[in-house]
Amino acid sequence: KAVRFSITVMSVSVLAEGEEEAVTVFREQKPNSEMSCKPLCLMFVDESDHETLTAILGPVVAERNAMKNSRLILAMGGLPRSFRFHFRGTGYDEKMVREMEGLEASGSTYVCTLCDATRAEASKNMVLHSVTRSHDENLDRYELWRTNPYSESADELRDRVKGVSAKPFMETQPTLDALHCDIGNATEFYKIFQDEIGEVHCRPNPSREERRSWRAALDKQLRKKMKLKPVMRMNGNFARRLMTAEAVEVVCELVPSQQRSEALRELMNLYIQMK
Ligand SMILES: [Zn+2]
C-alpha cells in the first residue's frame, strides 16, 4: 500500500503592529488540487501498521511541533519579517483519525471520533450531537489508560477513557475527507436515480422485486452508455463518474417524467457547482 502525507498552504494573513485583527492576504481556492497540495512524504506502508507509520512520520511530527512553537524570521524588502505557522490536520479518513488519535478501531463501542457516544447511545439519539473530543483530551485519557490512577477494572477504565487505547500521535481536525464525502454523496444519488427510474413518488411502498428491477435498469444503462460496471460497494472512481452531467443525462433517458428529469438535472448541476 502507498500512503501520501501532503501539505497545502491554506491561507496567509498579516497582523500589523498595534492591530488587533489579522488581514488575510492569500487564501487557497483549490486546496485539493495537486497544484497546491504537495506531497511531503510518500511511503510504502500499510496505514494500519502503527509502528512503521509512526516511525516514518515521527520526524515530520517532531518538526511540526518545533515549528508551532517558534518563529521564522525572513528578510523581505529589507525588513525582517516574522512568520508563525498554524497547522490543521485535515482530510484523514475515519480509520486514519482513529489511528492518529489513539482511538480503538472502527468496530469499537465508542462509535464516534468526534464525541463520546457509544453505539447504544447513538442509536437512541440521532440528532443532538456536538464535537467534544480533542487531541489534548485524548492525550490526557491515554495517560489515565496507561497509569490507571484509580485502580479500576479494565471495563471501568475503558469507560473512563472512552475508547482511547494508544498514545495519540498527531492532532487531527474534525473534517470529512474528500474521498468519503464523494462516496457518501454518490451513494445517495445512486439511490435517487433508482427511485426516479421507478417513479417512487407515485408508488410509496414498492416491493423488493420492483426495487431490484429499477436498480438492474440503472446498472444496465450505466454499463451500456458509460461503460460503468456495477459495484458491490460504492468506491471513489464510480462516485466521480456518477456525479457528472453526462451520467445524469444517461439516467434521464430512463426517467419517464420530463419534469422530474429536469429537476434531476438541476440537482446534479447544483451539486457540481457546490463542489
Ligand atoms: Zn458523535
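Any Cβ shown, glycine's included, is placed from N, Cα and C.
In TrEMBL this protein carries:
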DOMAIN    1-108  domain 'V(D)J recombination-activating protein 1 RNase H'
DOMAIN    110-172  domain 'V(D)J recombination-activating protein 1 ZnC2'
DOMAIN    174-275  domain 'V(D)J recombination-activating protein 1 ZnH2'
Residues in the domain 'V(D)J recombination-activating protein 1 ZnH2' (174-275) grouped by DSSP into helix, strand and remaining coil: 71 helix, 0 strand, 31 coil
Average pLDDT across the domain 'V(D)J recombination-activating protein 1 ZnH2' (174-275), rounded to a whole number: 93
